[in-house]
Amino acid sequence: MTLPADPLAGPMVRSASAASAEDHLDDEQRAAVTAPRGPVCVLAGAGTGKTRTITHRIAHLVRHGHVAPGQVLAVTFTARAAGELRTRLRALDAPGVQARTFHAAALRQLKYFWPQVVGERPWPLLEGKLRLIGQAAARAKAGTDSDALRDLATEIEWAKSSLVTPQGYAAEVARLRRDVPGPAEQVAQVYAGYEALKNQAELLDFDDLLLHVAAALEEHASVAEEFRDRYRCFVVDEYQDVTPLQQRVLDAWVGGRDDLTVVGDANQTIYTFAGASPRYLLDFARRFPEATVVRLTRDYRSTPQIVAAANTVIGAARGRVAGSRPRLVGQLPPGPDPDFTEHPDEPDEAAAVAAKIRRMIADGTPAAEVAVLFRINAQSEVYEQALTEAGVPYQVRGGERFFVRAEVRRAMIAIRTAPPAPEGTDLVTAVRRVLAPVGLSDEPPAGAAMRAQWESLLALVGLAEELAAVEPEADLRRFAAELEARADSAHPPTVQGVTLASLHAAKGLEWDVVFLVGLADGTLPIQHAEGDEAAIEEERRLLYVGVTRARRVLRISWALTRAAGRGRQRRRSRFLHGLIPEDHAASRVAQGDRRRTGGPKPRCRICGEPLIGTEALKLQRCGACPSDLDTELLDRLREWRADVAKRQGVPSYVVFTDATLAAIAEQRPADPAALVAIPGIGSRKLDRYGPEVLALITEPG
Ligand code: ATP
Ligand code: MG
């Protein structure tokens, strides 16, 4: 290990601003930050400050004149993470540094070099490749239903990311014993056909951006020379998830030089299914023997309790990363133990999570400091529904959706077209004034959908505050430009709502409170990983990523069936073995929250047994007891609900959930009092919909 040789590293020559920025670094972090220009590799676990280290390193190199800000290119894997890097760099007083995803950087470069390497007219990006793949599949006599096409698309993406050509495909998948969607020769034929159709149409897909940039730099000396003159210093975050194609681009960028800083954690490799490999990270020191290699083990993000859970999860991992598995050492004061809860079904799990979140928010936890993380996006819906019913604002992380929301687009237009604010008005006040007519009232409006819009507008005010803090002279025009830039790079602000995100989308992020939900075998690990040890290990790493997102509170839960009274019984995730105390209450079916809070237990109105599960509670009878549901009324109610939802522009469950409609159709309440007695119908919904619903019930069938 080489440690700092940089004479500028000493405290004596540090400027005041540098001192304040670097004071919050430990010795190992500082070694990486102040290492001289040249190869640097930080290998470290979650929460040890890798991202913090690279932003400080860039700021350090810039501040000490080792490199100009415009000569630095920092890359990472998601638009969100790239935006985060830019924000942190600006806060460290290093604006002007480019921080982008590989694809965004490639797109920009390609636009610039295209005329030199191809021709005047730029080839547009292909929007959705399924159509072309469908044509190619039909010609190759492969399956063309949408599932088959999606599988083929994923496989072609894997091949391109792995630098496997159509000609080499069959041999390579045979060598890897890869599970492929159809006979290898046929997949290769579809792949070749797709490439040909795309080239004929003069279109590019996302992987082509990277391929063309690499080729332009590799094959055109003048392009390479111009590029290398412009960019001199490269930084990669989350390097464990680099694909061979991205590595080829990186090699072309660096071009035989060695000013490259990489940071990563092999235990957080979660994209091998897409061709990523941690071997570039793990082999970095072999490739650059003179590299400064730093290992960090102090975890500054999480309480020792959460750090211990993370160590247990990853301690059970098998395979290559075993050698690189130093235990994390928690640095924060202690907090509560992680919590485990078993539920009879998913709606019950979601309702319990929503109820806990509501209590936490009432007790003062900011909603933006809470996340609910799951394995696949389809799990999101039941949580969206439960949070809506509990009146808790939330945002679904996919990030870029923020800037396409109707109210955000309206707000951006209003900001762009507003006349300049009167002399002396600060930016935040000016923005609030412009947004008032768009819907930014002083107090939050009632209703989940209205409330969500209001939260979006408030988030824009938050961005204005952020900008004003770093650029006090910024005006509305400057703010409008900042918003455009963020929308382009899909870097949304933090909305004051609970985050719902998949584990993949949560990488690199952190929250005070994290709910890891759906920890059942078949969901995590996911069903299709079964029987493939490498895939199971990737699932385990996903859990490690999830556990390490939490700063203080970690709550893990699972459900034994999908819906009440339906579906196969499941069991809790095998990964919880060793994590959850054997005598823990969650080893027995937990009774849902509301049933533990005392008071008379709700009972089935038919057989009188206690009710288990949210659906049963809504219907006020057990799933097994006879249903006297009026199906015609249910149809009428559904039609009415679809209508209302359309009129209001909200998802239908916001009006009433399926279970509530079923309960109405079954109980046929005759008056407002009977209607409001049905769970899921509060006084607000009664006011709003009561008369219409009661009319539907009395209407002759
Ligand atoms: P991940 O692997 O999840 O991406 P990371 O290694 O990139 O994690 P960071 O996000 O950089 O970790 O840091 C984790 C948290 O710890 C952040 O809140 C950061 O501000 C804080 N932190 C890092 N280093 C220090 C330090 N030396 N002193 C105090 N806080 C620190
Ligand atoms: Mg990080």
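Indices start at 1 and increase along the chain as displayed.
Glycine is no exception: its Cβ is also placed from the backbone N, Cα and C atoms.
Bear in mind that TrEMBL entries carry predicted annotations, made automatically and left uncurated.
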According to TrEMBL, region 'Disordered' applies to one of these ranges: 1-31, 156-186, 218-248. Which one is it?
1-31
Take the mean position of the Cβ atoms of Ala44, Gly45, Ala46, Gly47, Thr48, Gly49, Lys50, Thr51, the recorded ATP site. Which other residues of that chain put their Cβ within 8 Å of it?
Asp265, Leu296, Asp299, Tyr300, Arg301
Tell me which of the binding-site residues Thr48, Thr51 sits in the most Cβ-dense spot, judged by other Cβ atoms within 10 Å.
Thr48
What are the sequence-distant neighbours of Gly47 (ATP binding site), meaning same chain, six or more residues apart, C-beta distance under 8 angstroms?
Asp299, Tyr300, Arg301, Ser302, Val307, Leu328, Glu510, Thr548
If you count, for each of the binding-site residues Gly45, Gly49, the other Cβ atoms lying within 10 Å of its Cβ, which residue has the minimum?
Gly49
Determine how many residues of the region 'Disordered' (325-346) DSSP places in helix, in strand and in coil.
1 helix, 9 strand, 12 coil
Ala44, Ala46 as binding-site residues, winner by CB count within 10 A:
Ala44
